[in-house]
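I have placed the structure first, in the form of structure tokens, so that the comments after it can refer back to it.
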């Protein structure tokens, strides 16, 4: 692909704005700012030990998880990049207990940005792919946001995406009109369109789950995974392979490219906590992307994007990916009720 004929993220968004007329200028600018912040995060991730950013920060986030230095740095990069542009009313992050209103000395816009600044951060120190996940909502209260403003079901998202910081740095985006992937050209500093209208195969022979928790699973998940593990001689009549990176962005990106099902179920260890992944800035944006690519995403009993949030850091079980497999494991949950 010659440099002259490449489609950059900026060009793609401008063309989408012109052709479909469903991408407001403020939303286009917001997406570009988020993508620019992801470039800065990618740069800091790639420096590794040379950047003195590895290891823990000696603090915990609101979930009680030990924060890595890069967790905090990535969060600050996203806040600093987005607070002054006039596109947002407020932001919320995995790393902050409450939402972040745009300071009074900056203009405010009509959108809300929710993000996990560095997903899979347990992999930072061992050089495994990690990433950033984000979701964009309209602020129902105009430009004056409250925590309640964020508590919208995923069906209200106007954009969602993620970046993967791996062998290549990629930026995957949906604005409700398909899913497209952009690769960072480090020589010129641009996001370049490399995959258009991504589609997840409806059937798959791969699944992603943390099998070390098998003894804690509820019966529907155990039944489903046991059938997969039984292979060609089992009820499915086929051999399946398990893949688990322990980085949601990396696992979902693989599924987006070649199919599969990603599962992070609730289990018996914490019956009062329905799952581990956060609805607002992990499950919802990934569900939006997966559905736009022809896949499905449920909690096991309900479409993820139809869950009514009750808090910024609410957790849900997650089953997403190839449509036929997600529908099968969801059916097993309904049968057990």
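Easy rule for this one: first residue shown is 1, then count along the chain.
Just so you know, glycine gets a Cβ as well, placed from its N, Cα and C.
Here the Cβ of residue 116 (Mg(2+) 1 binding site) has 28 other Cβ atoms within 10 Å, regardless of which shown protein chain they belong to. Look at Swiss-Prot and you will find 94, 116, 118 tagged as Mg(2+) 1 binding site.
Residue 282 (Mg(2+) 2 binding site) is surrounded by 26 other CB atoms, counting those within 10 A of its CB over all protein chains shown. As annotated by Swiss-Prot, Mg(2+) 2 binding site applies to 116, 119, 282.
Around the Cβ of residue 121 (substrate binding site), 23 further Cβ atoms fall within 10 Å across all displayed protein chains. DSSP assigns residue 121 (substrate binding site) to a helical segment in the three-state reduction. What Swiss-Prot records for 119, 120, 121, 122, 210, 276 is substrate binding site, and it gives sequence analysis as the kind of evidence.
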Inter-residue Cα distance where the pair is residue 118 (Mg(2+) 1 binding site) and residue 210 (substrate binding site), in Å: 20
DSSP state at residue 282 (Mg(2+) 2 binding site), helix/strand/coil: helix
Alpha-carbon distance [residue 282 (Mg(2+) 2 binding site); residue 121 (substrate binding site)] in Å: 14
Local backbone state of residue 116 (Mg(2+) 1 binding site), from DSSP in three classes: strand
